[in-house]
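**Q** So that we are looking at the same thing, I have put the structure below in C-alpha cells.
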Amino acid sequence: MTWENHSVLMEFVFLAYPSNPELRMLCFLGVSLAYALIISWNILIVVSIQTEARLHTPMYYFLGSLSGIELCYTTVVVPHILANTLHSEKTITLLTCATQMVFFIGLGSADCFLLAFMAYDRYVAICHPLQYPLIMTVTFCVRLVVASVVIGLFLSLQLVVFIFCLPFCRARGIEHFFCDVPPVMRLVCASSHIHELSVLVAATLAIAVPFFFIATTYALIVAAVLKLHSGAGRHRAFNTCSSHLTVVLLQYGCCAFMYLRPNSSYNPKQDKFVSLVYTLGTPFLNPLIYTLRNSEMKEAIGKILTRNYLSFKMMGSFH
C-alpha cells in the first residue's frame, strides 16, 4: 500500500493523556519545567563552549554538538506534548505524524552515532596522544558531527517511509504521547514478521552497531590505561571517560529496550514511561552528568552566569 492509498488528512488520536483536568495540568507543569531546564542547561553548555577559548577542543566541540542535537530532539515532540495536554482534541494527521517520527528517530539516531564518535575521540586522546592533534582536526570533527546527523536522518527516513506505506487498521488510537515506532506499528494491519524484521534491522544499524563500536573502543581504552604506571594518570584517564560512559549506558539502555525487541512484547503503560525517560530524562541528565564531573565546564558555566548576573545588576542600577 502506497502513500496514494492513504489520505494525508487521515488522523490518529493519542490515548495516553490523562482525562482528569487536575492531573492534566500537573503533567503540563511537570513537562514544562523539565523542558525549560533542558533548554537552559543545553544552551548554557553551547554558549560556554563557544565563548571560552580553552574549551575549543574536539571533546568540547562534540559535547556542544550533542547538546545542540538534544535541544532539537526534544523540541520535535515536547511542544506537541504540551499542546495536546491542554487541548481536548489530541489528534495528529498522517503526514504530521510521519514528519514528527522522521525527526524524532533521526535525531535520536544522530545522538547514538555522535556518542560513538565521542568514544573514538577519547580513544585517540588516551591511546594515541601524540597523533591526537593530527587526527582530530576541526575539519574532521565537523565531518563526524554532520555524518552523524545525515546518517541518522537517512536511516529514519527509510524506516518511516516503509512504515507509512503499510496499511493501517480502522482503529486510529495511538497508546502514546507522540508518534513513535512501536505504538504506530501496532496500528498496522499486515503480516507483521517481515515488518518487525525491517524495524529491527533499522534499529540494529542505528543502536546496536554504534554501541558495539563504543564497547570495542572502551575495551581498547581500558587495556591502554591499565598499562599506565602512574596511578594519577590512570585515575585521570578513567575520570575523563566516566561521564561519557554514563551517558552512553543511559541513552543506549532506553533505546535498546524500546526498539531492539519484537512488537509482541510491547507494553503500552511500561513503554510510555520509558519513552518519557529518553525524551525528557536523558536530555536533562546528560548536561548535568557532563558538567558536575568536569571542572572546566563548571568553571566556564560559572563565568557565564556571573557575567550575566553582573550585566543584569548594572542594567538595573542605570534604571
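Any Cβ shown, glycine's included, is placed from N, Cα and C.
Per TrEMBL, the feature domain 'G-protein coupled receptors family 1 profile' maps to 41-290. Residues or ranges marked as transmembrane segment in TrEMBL: 23-47, 59-81, 101-120, 132-157, 200-226, 238-261, 273-292.
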**Q** Pairs of Cβ atoms less than 8 Å apart decide it: which stretch in 23-47, 59-81, 200-226 has the most with the transmembrane segment (273-292)?
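**A** That would be 23-47.
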**Q** For the transmembrane segment (101-120), find every same-chain residue at least 6 residues outside the stretch whose CB is under 8 Å from a CB in it, and list them.
**A** 59, 62-63, 65-66, 69-70, 72-73, 76-77, 144-145, 147-149, 151-157, 159-160, 163, 178-181, 184, 206-207, 210-211, 213-214, 217-218, 244, 247-248, 251-252, 255, 278
